[in-house]
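K.L.:
Copying in the features that TrEMBL gives for the protein in this structure:
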TRANSMEM  B:21-39  transmembrane segment
TRANSMEM  B:45-64  transmembrane segment
TRANSMEM  B:71-91  transmembrane segment
TRANSMEM  B:97-117  transmembrane segment
TRANSMEM  B:124-142  transmembrane segment
TRANSMEM  B:171-192  transmembrane segment
TRANSMEM  B:222-243  transmembrane segment
TRANSMEM  B:255-280  transmembrane segment
TRANSMEM  B:312-333  transmembrane segment
Amino acid sequence: MSILEVSNLSLSFGGVKALQDVSFRVPENTVTTIIGPNGAGKTSLFNCISGFYKPQQGTIRYEGRELSSGIKPPKRAALGLARTFQNIALFRGMTVLDNIKLGAHVHMKSGLLGSMFYFGAVRREEMEVRREVEHRIIDFLEIDHIRRQSVASLSYGLQKRVELARALAMRPKVLMLDEPVAGMNREEKEDMARFILDIREEWGVTVLMVEHDMGMVMDISDHIAVLNFGQVITEGEPADVQNNPEVIKAYLGNSDIDSLRKKLNPEGEAA
Amino acid sequence: MRIGDAKQTYEADEAIWTSSTQKFWFGLLMLILLLFPFMVDSYLLYLGCLVGIAVISATGLNILTGFTGLISLGQAGFMGVGAYTVAWLSLNTGLPFPVTLLLAGLAAAAVGILVGLPSLRVKGLYLAIATLAASVFLHFIFAEWESVTGGMGGLSLEPAHLFGLTFQSDFRMYFIIVPLAVLMVFAARNVLRTRVGRAFIAIRDRDISAEILGINLLRYKLMSFALSSFYAGVAGGLFAYFYRVVTPESFPLSMSIFYLAAVIVGGMGNLLGGILGAAFMTLVPEALKLLTAALTPFYPNAPVFMSPMLEIIFGALIVGFLIFEPHGLAEIWHRIRRFFRLWPFRN
C-alpha cells in the first residue's frame, strides 16, 4: 500500500518547467529515494509535497486523502509530514534541546495565558515533552552530550543530526529528508544510514529522501524513483534502477554503458 | 561556593533557578527593592518608579522585537492607548486600579493586533515603517478625538484607589509599580521557556522552518504583538496614574525610539537586557545632570557648557555600547556570572 502517491504533477516557474507530469508512489514503511542529476526537480517536488509550492496540475494523495493547495504547510505538519532541508534550517539562536522541543509544537496545546503562569497543565505538558524528547530522541540519536549547546556552535554533521531529531519530535508518519548525508564524512554517513534504517524499523516511519550518495542510496533504499529534467524516468527496486539504461544515460550522458554501470554500482566496482 | 550541580529530575533542570546560589541572590534583590523606598529621598523614589514603568514597557518590546524579530516603532502609541484607557475609566467609572490597568492592557493588545496585521507580509524596516504610521495615526486620534481624549489639553485623573486606599504619593505608587514589574517580567520569562515563546524565537530565527513545524506564522506574530502591547498598555496605565495627567504629547515618537534603544542597548532577545536597557536609558540622563551639579562648585560655568552637551554625551554612550558591547549590557552581566560560576575553583 502506498502512503504517499504523486500523480501527474506539473509545476512551472514562468517558462521553466520544474516538474512535468511527475507520478510516483511511496510504499508504506519503506525507505524510498528520489535520485536524479542536479536541477532535476527533486527539491521542487519536496516543496510541492510540503506545501510551499502550488503545482499547476496533478494531485498528491497522502493516506488516501488528497492534499489540495488549500492545506498549508503547518496543517501538513500536523497530519504527519515532517521534513529536513538541504541547507540546514535550524533555529540558530536556540539550544539543541529547544530546537527539538519545537518539533513537538503541533502536538502541544498550551496557550499564551497558561504559559504566563507556567502552572498545572502547561507545566505537565512541558515535562512530558521533555521526557519524550530525552528518552525517545536524544538517546536514540546519541546527542545527549550537546543538548545544552547552541546549535550555531555545532559541526555540520551534528547539525544535520539535530535537524533529524527535530523532525522526529513531530511524530511523523512520513519523514522527508533532503540530502541527509551531503557534506558528511564516511563515519557520519554510516551513522546517518543506521539511524534512517532504525527509524523505519523501530519507529515504523516511512522515509522519503533525496540523496546523491549512490553507495548509501543503493544500500538502504527499498524503492527508488529517478527524476531527470522534471520527469520520472523510472521507479522500482534498487537493482532494477541500477541497470536501467535510461538512468545511466541521464546520469552520465554516455553510451559506454558497461564502464558507467560500474560507476553507478560501487559494490560491483569493489568486487 | 559551588563545585557543580547534578539534577535528579527534569523539573529541576527546567526550573528558572537551578541553584540555591541563584535563589539567594534573587531573594536579596527582592529585599533591596522592598526596602528601597524607606531608605531613599523623594528624587530617587521618583526615578525608581520611572525605571519600573520603563522595565515593563521595554520587556514588552523585547518580546516583540528581541524574541520574535519584529521591529516596532509603535510602543509609545500602545502606551498611550493604555494611559488614555486608564484616564477615561477612572474619570467615568471609578473602577479600582487593578481592573483599569487590566483593561488598559487589553485595549492596547487589541490595538496591537490591528497594527500587527501587516507583519505577515512585511518584515524588518518595512514593518518598522508600518508601525511608525500606526503610531502617527494613534497620536492623531489622541489629539483629535476630543470627546474621549480631551484633545490637546488631555485628561487629568484621580489617584489610583483600591479598597478605600488611595495611591497619591510616589511612595505608594512604588508599591504598585515595582511588584507589577517583577510579576510581568516573570510572566514573560514563563512564556519564553514554554511552547509559545519557543514559537516566537523560531519565527525570529527562521520562519520557513517554523512553518514546516506546524507553527502558524500569522497567529503567533499577532500573539506577540498582543502580548507586547499588553505590556505597553499596562505601563502606559501606570504612567497615567503616576503623573495623573495624560496628553497627546506624553507619548511622542521619540518615546518609541527610547524603548527600541533600551532593548538594543540592553541586549535584544534577552529579558535581563530589556531590564538593564530600561534602567540605563532612564538613569543615565539623570546621572549626567547630577554630574553637572557636582561639577558646579569647581567650575562655575559647568551648567552652561554641560547642558547642551548632555544629549551628545548620552548619544555617544549609546554608540559606545553598541560598538564595544554589541550583545548589550546583559552580556557584561553574563561575563561576570561566568567568572564567578565555579569560583574559587575555576575562573
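Just so you know, glycine gets a Cβ as well, placed from its N, Cα and C.
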K.L.:
Residue list, the transmembrane segment (B:45-64) vs rest of chain: Cβ under 8 Å, 6 or more residues beyond ends.
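P.N.:
Residues 36-37, 70, 72, 75, 79, 170-171, 173-174, 177-178, 180-181, 184-185, 188, 191-192, 200, 224-225, 227-232, 234-236, 238-239, 242, 259-260, 262-263, 266, 268-271, 273-275, 277-279, 281-283, 286 contact the transmembrane segment (B:45-64) from elsewhere in the chain.
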K.L.:
Which stretch from B:21-39, B:97-117, B:255-280 shares the most C-beta pairs under 8 Å with the transmembrane segment (B:312-333)?
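P.N.:
Going through each listed stretch, the top one turns out to be B:255-280.
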K.L.:
Suppose I define contact as three or more CB-CB distances under 8 A, residues 6 or more apart in sequence; do the transmembrane segment (B:255-280) and the transmembrane segment (B:171-192) meet it?
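P.N.:
In this chain the transmembrane segment (B:255-280) contacts the transmembrane segment (B:171-192) - 3 or more Cβ pairs sit under 8 Å.
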